[in-house]
Amino acid sequence: MAKIVDIKGREVLDSRGNPTVEADVLLDNGIIGSACAPSGASTGSREALELRDGDKSRYLGKGVLKAVANINGPIRDLLLGKDPIDQKALDQAMIKLDGTENKATLGANAILAVSLAAAKAAAQDQDLPLYAHIANLNGTPGVYSMPVPMMNIINGGEHADNNVDIQEFMVQPVGAKSFSEGLRMGTEIFHHLKAVLKARGLNTAVGDEGGFAPNLASNEDALKVISEAVANAGYTLGTDVTLALDCAASEFYEDGKYNLSGEGQVFTAEGFAEYLKGLTQRYPIISIEDGLDESDWAGWKILTDKIGEKVQLVGDDLFVTNTKILKEGIDKKIANSILIKFNQIGTLTETLEAIQMAKAAGYTAVISHRSGETEDSTIADLAVGTSAGQIKTGSLCRSDRVSKYNQLLRIEEQLNGKAKYNGRGEFRG
């Protein structure tokens, strides 16, 4: 049995040029596992705490030297001599050492980087791909599927500097026969979208997640230009390709109302739920994330009752990968899907528990990146190893996004038909 002999933390940069945490876990046989913690822009209020230094003389206060010191000090001391394969024991030990509900003492960014680095070291120690080790930890050894990518090709909201209120407009290649074919379809649509925008004289600069970020007449206008790009790429909207939204509604929820400032419209929860229902009737939108504010559970119930039978309603800020909050949502029949982000909860073990709880209740689980990413591609292995079926990892440019897609291509090739791509079968309706 290999043992942990050293743990090292360091400050590195994420895709927005902000510091984040990287950790190395070294074993006594020379194996090293390394992982980086991502960082979000539109964040749920109940997420685990990302520890920042607050020292305005460094990185505008966004340094993470405190989190790094926690890795190199108390976390290292705690885990030396431990077995990296016992992921649950490692994670529970760090949770206990932290002693807070939201990991505010050590920082979720510190704990997560070590948690994932340990998993990578353990996989190498067993001569397993990371996805196979994750499947073992998940209690589903040898069971894999390739995820349907939800490709964010128009960015708005907090992910872009434009007038579009809805944060993400995504395409899903549900008609593909494999992940690699789906990736090709999405990439072709992305390039055709650029041409559509250029023809309109619109900006083709990209946002945080690699999608285009033009100023448009309305949120629906984004759906129109995407529809045109899909057709120009030679695909049929609704059969080959479907659409998805991430409203990130908490970002435009003010005084109990939903304020679409880009359109000059203000809605009640009932009104905004009806607005979204109208979009699903006019376009093949089969998934909507954070359609209402994280605290507006009454509004979420209205939305779920209106369209939840046919549309995947994903809780991101709503559930923050937290099993306690997810259980409450399941009990109250709020939403029907959870977005899974490692750093919202802070350990691999708790992430797997959230996926398992969702699946047991008939909810889907969508594996997701954050807007602040690195070259770390762990979420690709997580999606395959848990057979989650869906992944959100941005658009078809920026290496911080493409690194995940490329890892999925490698995994699909390695599994050589043993991991099915289920396409439309992963969704409701």
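These residue numbers are counts, starting from 1, taken along the chain as shown.
Backbone N, Cα and C define each Cβ position, glycine as well.
Copied over from Swiss-Prot:
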- Glu209: active site, proton donor (ACT_SITE)
- Lys341: active site, proton acceptor (ACT_SITE)
- Gln167, Lys341, Arg370, Ser371, Lys392: (2R)-2-phosphoglycerate binding site (BINDING)
- Asp246, Glu289, Asp316: Mg(2+) binding site (BINDING)
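Sequence features, as recorded in Swiss-Prot, placed on the structure.
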residue: Gln167; record: (2R)-2-phosphoglycerate binding site; DSSP class: coil
residue: Glu209; record: active site, proton donor; DSSP class: coil
residue: Asp246; record: Mg(2+) binding site; DSSP class: strand
residue: Glu289; record: Mg(2+) binding site; DSSP class: strand
residue: Asp316; record: Mg(2+) binding site; DSSP class: coil
residue: Lys341; record: active site, proton acceptor; DSSP class: coil
residue: Arg370; record: (2R)-2-phosphoglycerate binding site; DSSP class: coil
residue: Lys392; record: (2R)-2-phosphoglycerate binding site; DSSP class: strand
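Candidate recorded positions: Glu209, Asp246, Glu289, Asp316, Lys341. Nearest to Ser371 ((2R)-2-phosphoglycerate binding site) by Cα distance: Glu209. Listed in sequence order, the residues Gln167, Glu168, Leu245, Cys247, Ala248, Ile288, Asp290, Val314, Asp317, Leu339, Ser368, Lys392 complete the 8 Å Cβ shell around the Mg(2+) site centroid, once Asp246, Glu289, Asp316 themselves are left out. Separating the Cα atoms of Gln167 ((2R)-2-phosphoglycerate binding site) and Glu289 (Mg(2+) binding site) is a whole-number distance of 10 Å. Take the CB of Gln167 ((2R)-2-phosphoglycerate binding site) and look out to 10 A: across all protein chains shown you find 29 other CB atoms. Closest to Asp316 (Mg(2+) binding site) in space, going by CA atoms and restricting to the recorded positions Glu209, Lys341, Arg370, Lys392, is Lys341. Here the C-alpha separation of Lys392 ((2R)-2-phosphoglycerate binding site) and the residue listed as 'active site, proton donor' works out to 10 Å. Asp316 (Mg(2+) binding site): 29 other CB atoms within 10 A of its CB, across all protein chains.
Within its own chain, Arg370 ((2R)-2-phosphoglycerate binding site) has Pro38, Ser39, Gly40, Ala41, Lys341, Asn343 as residues 6 or more apart in sequence whose C-beta sits under 8 angstroms from its own. Across the recorded positions listed here (Lys341, Lys392), the residue whose Cβ sits among the most other Cβ atoms within 10 Å is Lys392. Cα of Asp246 (Mg(2+) binding site) to Cα of Glu209 (active site, proton donor): a span of 13 Å.
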